[in-house]
Amino acid sequence: MKITVLGAAGGIGQSVSLLLKMKLPAGFKLALYDIAPVTPGIGVDLSHIPTDVAVKGFTGNDLPLALEGSNVVVICAGIARKPGMHRSDLFKFNAGVIRDLIATGAAICPNACFCIITNPVNSMVPVAAEVLKKAGVYNPQKLFGVTMLDVIRAETFVAKFLDRAAGTIRVNVIGGHSGQTILPVMSQVGGFEFTDEEAAALVRHIQDAGTEVVDAKAGNGSATLAMAAAGYRFINAVVRGLMDEENVIECAYVEGGSQHSRFFSQPMRLGKEGWYKVLPYGPLTQAEKASLEAMLPTLRDEIRMGEDFILKPELFQDQPAEAGKAEKK
Ligand SMILES: NC(=O)C1=CN([C@@H]2O[C@H](COP(=O)(O)OP(=O)(O)OC[C@H]3O[C@@H](n4cnc5c(N)ncnc54)[C@H](O)[C@@H]3O)[C@@H](O)[C@H]2O)C=CC1
Ligand SMILES: O=C([O-])CC(=O)C(=O)O
């Protein structure tokens, strides 16, 4: 099996590539691509680690070589937030990156699973879907927005709050990956009933965690290491599904027939052909229902923006590539 990482020279790209080189099963191939000329060197560097995963770095015009025969394409190429920015401020620049990378993916490895980490995820996945559709190769079961970082944050913060061992708590996070569209389903955390105040404080921390890292990194990027850990967990789940392992379940942002919006993050079963069954996330409390209703206009707008970028490109011609609004809570 072959995994390709696009944006492999970046903060997330290098860390997730290291995890993949260390942890993928023997016999796997790992291809790294980035416009940064250092990328072939990153491949050489990783190749000195004693695992039976063959790794090679590509740059420049070699994107098709990196994608050739790929089963899973992980995209973390694009720009990241600085303090004071909203994820949607990355839209125009990153939408162009996703459009071009997915167009090449559609031509070279149309049957691959495409996992999109690049922000704003809520809009980048619809961009990718429309490009794949235009190319006549869109398979919704193989296109994922990676919202796993919200899940691992939720699991970390809740375990700490409950004084449980890290890794013993599962939390589903539904909706999308920005501000109030991130909705951890606290009422379904097994073995504990949170008060409304406790749940609200934990949810706020999870929703604001990306901004917390952006501010702490003080203008030098956003979350990379926790994202790499989350990305590895998700890619590994996709791979285990493709290898026909049973009962592989994770949350991701997909076009899965949700009653709420065209794309929606929810738990799902992964299998030989990508995800094959979205799963219920349990009954919501009144407060959770209200949060879900409140997020939907934003989520739907962000989805529409992604669709429009491909279907109505004239709408975006006069916009600057990067603006500087404050992240909405
Ligand atoms: N889904 C999520 O939960 C998260 C998403 N992100 C997003 O992931 C993205 C990457 O973040 P970082 O790795 O921190 O950024 P970074 O700036 O460290 O790395 C981005 C890499 O993309 C490369 N790149 C840019 N255009 C490219 C193209 N056309 N083809 C190939 N490579 C290209 C750059 O050369 C750079 O090496 C950002 O958009 C960020 O907002 C970050 C954290 C969490
Ligand atoms: O906040 C950001 O810009 C990066 C991100 O998506 C996260 O850390 O959740």
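We count from 1, first residue shown onward.
Every residue gets a Cβ built from N, Cα and C, even glycine.
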Have a look through Asp34, Asp150, Asp196, Asp208 and flag the one TrEMBL assigns to the NAD(+) site that Gly7, Ala8, Ala9, Gly10, Gly11, Ile12, Gly13, Asn94, Ile117, Thr118, Asn119, Met227 belong to.
-> Asp34
For the domain 'Lactate/malate dehydrogenase N-terminal' (1-145), give the DSSP counts of helix residues, strand residues and coil residues.
-> 69 helix, 26 strand, 50 coil
Could you measure between Arg153 (substrate binding site) and Gly13 (NAD(+) binding site) for me? Cα positions, answer in whole angstrom.
-> 19
Quick one: give me the count of other CB atoms within 10 A of the CB of Gly13 (NAD(+) binding site).
-> 27
Taking only the binding-site residues Gly11, Arg153, Met227, which have a CB closer than 6 angstroms to any atom that belongs to ligand 1?
-> Gly11, Met227
Using DSSP reduced to three states, classify His177 (active site, proton acceptor) as helix, strand or coil.
-> coil
For His177 (active site, proton acceptor), the nonlocal same-chain Cβ neighbours (under 8 Å, six or more residues apart) come out as Arg87, Asn119, Pro120, Val121, Asn122, Gly145, Thr147, Leu149, Asp150, Tyr253, Ser265
By a simple count, how many Cβ atoms lie within 10 Å of the Cβ of Ala9 (NAD(+) binding site), its own Cβ left out?
-> 22
